[in-house]
Each structure stands twice: as C-alpha cells, then as structure tokens.
Amino acid sequence: MEHHNSHLLPGGSEKMYYIAHQQPMLRNEDDNYQEGYFIRPDPASLIYNTTALPADDEGSNYGYGSTTTLSGLQFETYNITVMMNFSCDDYDLLSEDMWSSAYFKIIVYMLYIPIFIFALIGNGTVCYIVYSTPRMRTVTNYFIASLAIGDILMSFFCVPSSFISLFILNYWPFGLALCHFVNYSQAVSVLVSAYTLVAISIDRYIAIMWPLKPRITKRYATFIIAGVWFIALATALPIPIVSGLDIPMSPWHTKCEKYICREMWPSRTQEYYYTLSLFALQFVVPLGVLIFTYARITIRVWAKRPPGEAETNRDQRMARSKRKMVKMMLTVVIVFTCCWLPFNILQLLLNDEEFAHWDPLPYVWFAFHWLAMSHCCYNPIIYCYMNARFRSGFVQLMHRMPGLRRWCCLRSVGDRMNATSGTGPALPLNRMNTSTTYISARRKPRATSLRANPLSCGETSPLR
C-alpha cells in the first residue's frame, strides 16, 4: 500500500509507515524504504487512534479521567512495518480493525442512544412529578429531584459528546467551550450524586434513629441541596481549567488538524494527587458514610420488638413504609457504586505503566465507560418499580399523552371484553352481602365517571 499524503519522518524518508495494530507484521521484501521507528500507542489508546503523548513528569498528561478521552495511557516505540493510506475526507486508517468497523459503530449507537433517550425522559419525568404533585414535595423527594437534575446534566452533555467523539468521529468536533463544560459537568454530576446520597442517608438516619427530634424542613433541605451543588462545583473546578483541545501525534490528526478534548496538567504529580483526592471525595468518604448510616438504619428498622411490647397496626404500617424507603435508597446506592466505581478504579490503575500495556484494556475501558454512562437512566426505573407514588405519577403522566392514552384504552377495553366473553382470565367474583342490601339501595350510586379511575381512558385527576 502506498502512502499518497506522506509526511517526512525524522530520518528523511518520503513515505509514512503506520502501524496496523492487531495485524501480522506485514512487509513486502520488494519495497525499498528506510527502516525507522514510529511511536505506537498501547492497546487501550488504539480506540482513539492516537500515537504518542508526553508522559514525563513535566509534560502534559491526560488527567482525572473524563469520559471524553482515554486518560493516563502509556505508549511504547515499535518498528514501522505497515504503510497505510489516508485522506482527510475518508479516514480509513484502521478499516481492518474492530474499533473502526461499521459494525462496531452500529453497536455503539445501539448502546448509547437508548441511554440518552431514557435518561432524559425518565429523569425529566421524576422532576415533573415532584414539582407538580403537592404530596410528593417531601424532603427525600427534593433530594431525589436533585439526583435527577444531575443525571440530566450527565445524559444531555456527557453521553452524546463522549461516544460521538471517542467511538464515531475519533476527534472532538464541539469546540473549546464545550470541551471545558463537558469535562466539568461529568465530574460535577458524579459528585452531586455522591453527596446527595449522603444527604439522604443522614436525613433517614436522623428520622429513624431519633424519631422525636425535629425533622429537616423543606426550606432547610433546599439549602442543603444548594450546598451540595456548590461543593461539587468547587471540587471539580480544576478540571475545566486544565481541559483543552490538543492534536495527538497520529498521522491523520496531525495532517487534518483534528483536535481531541483532554486534560493537560502541568505535571504528572499534580494530576496523580488530584485524581486520588477526587476518588476519595467521590467514593471513599461517601461510601463510608453510607455504609455506616444504612447499616444502623437496617438494624433498627428490621429489628424485632422486645417481648411484651405492644405493636399497633399504625406501627406496622410505619415500619413497612420505612423498610420500603430504605430498600429503594439502598438500591440507588448499590447501583451508583456498581456503575461508577469500576471506571474510577480503572483510571487509577492506568497510572501504572505495566497495567497500561495490558492487551484486553481497550475492551475493559469500553465496557466500564458504557457502564458509567448508563447509570443516569437507572434511577427513574428504580423509583417506578419500588415506590408506589412515583409509579402512580408515571402512569398518570402516560395517560395524559394522546398516543399512550389511546393504546392503554384499547388494551383495557380488550381485557374487559376477553374477561366477559370467557376468552381471557376470569375476573374474581364478589359475594353480595344481603344484610346490607336495603341500606345500599338507599345510597347514591357510586360515580362511574372516568375521572375517578386513574387507569381509565379519560382524563385523570392529578396525583395529590
């Protein structure tokens, strides 16, 4: 293969030889070219088709590990073996490789676009339910709405920009301003989620461990939420400062002047200590608080009453309600930890040069990146599944949409017809109480308006 758009190698050769990774060491004995050296990226960086970036203590480094670039990756020199053609209009350097194939890009679209859609719709619905329903405006639901806003920030800015720039285009097309903002918003969103979960656990801890103490008011909860966002914004502030656009040392990026968005720290030491500090603030400290509070809450809520102590029906209902809320929030905490902890541990391990040369690293990085991005669409599913009031709010909102309301109406009518004709499942029989027949006959008949039934085909009353 001849290189039509050639660069000059340091040795003066008029041809550019580029490593085709994950392919045999190809060489035509009849070719007359100068043997040279080219900087080959380690396997993880091959996702991005970059080659060499400074890795010394004074050079710029990748940094914290935002989702818009592959951070902390090390590189090694390799003999030049394969000569590749490329042009700025048709970038096909790695057409034989999985990462640049059309099938892989289809998989990327199928994995990331549903996250973007479901996260925006689900978290937007959560915010709307809390805002529009008076009885849903509780302290815990205010914190849940704050979580949803953070997930909307992640899904709207970070999810599409990261997968488009990393896996589809292989460069950053969104400009310098969005480079700063996207890296910043990703860190802020994770910090807001961690700190808000801590605030919820402390609120539940106080309410259950000391039930006679004054509860956190809604006004005080808004101040706590504002404080959470302020601390998150301040903690992540170094990230937009060191973020910027840079041309990696690859033939195509250099020739076509294609930039990537990455963090460029003054020294590797600063980057390492900030990454370590951010990991502690995002996960180590919050996870310690969450384990302590929910362990104490679990012991208190699921503990049996002492023998001889009376328990009324009201006490049983309150205990069941507390257990449901604790189960839901524990699920939220576990899902958050499972989604984001692997990706952040991977960013720390990339500081180890030997680990950065691990062959399966590109696949592990891709899987952990998708897992972290997918977190923003899980919380609404948890709320809908484990909380009856959120579930009722979701159902009522669906019935207000014309298309969904008609579909639900046709389905419910079909179910009733099947039940009456005997083709569907039989409805339970209700026994008539003859002793109250005379009294029931004098009462006004129950209203049969569709408005009274939240699952009917007509308009539904708002959730109160």
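Glycine too: its Cβ is placed from the backbone N, Cα and C atoms.
Swiss-Prot marks one residue of Asn79, Asn123 with the annotation N-linked glycosylation site, and that residue is Asn79.
Swiss-Prot assigns Ser100 and Ile299 to topological domains with different names, so the membrane separates them in that record. Recorded stretches compared: 190-210, 222-242, 275-295, 330-350, 364-384; the one with the most Cβ pairs under 8 Å to the transmembrane segment (149-169) is 364-384. Across the topological domain 'Extracellular' (243-274), DSSP classifies residues as 13 helix, 9 strand, 10 coil. When secondary structure is read from DSSP and collapsed to three states, Asn183 (N-linked glycosylation site) falls in the helix class. The transmembrane segment (330-350) is in contact with the transmembrane segment (190-210), judged by 3+ CB-CB distances under 8 Å for residue pairs 6 or more apart in sequence.
There are 30 other CB atoms within 10 A of the CB of Asn183 (N-linked glycosylation site), with all protein chains counted.
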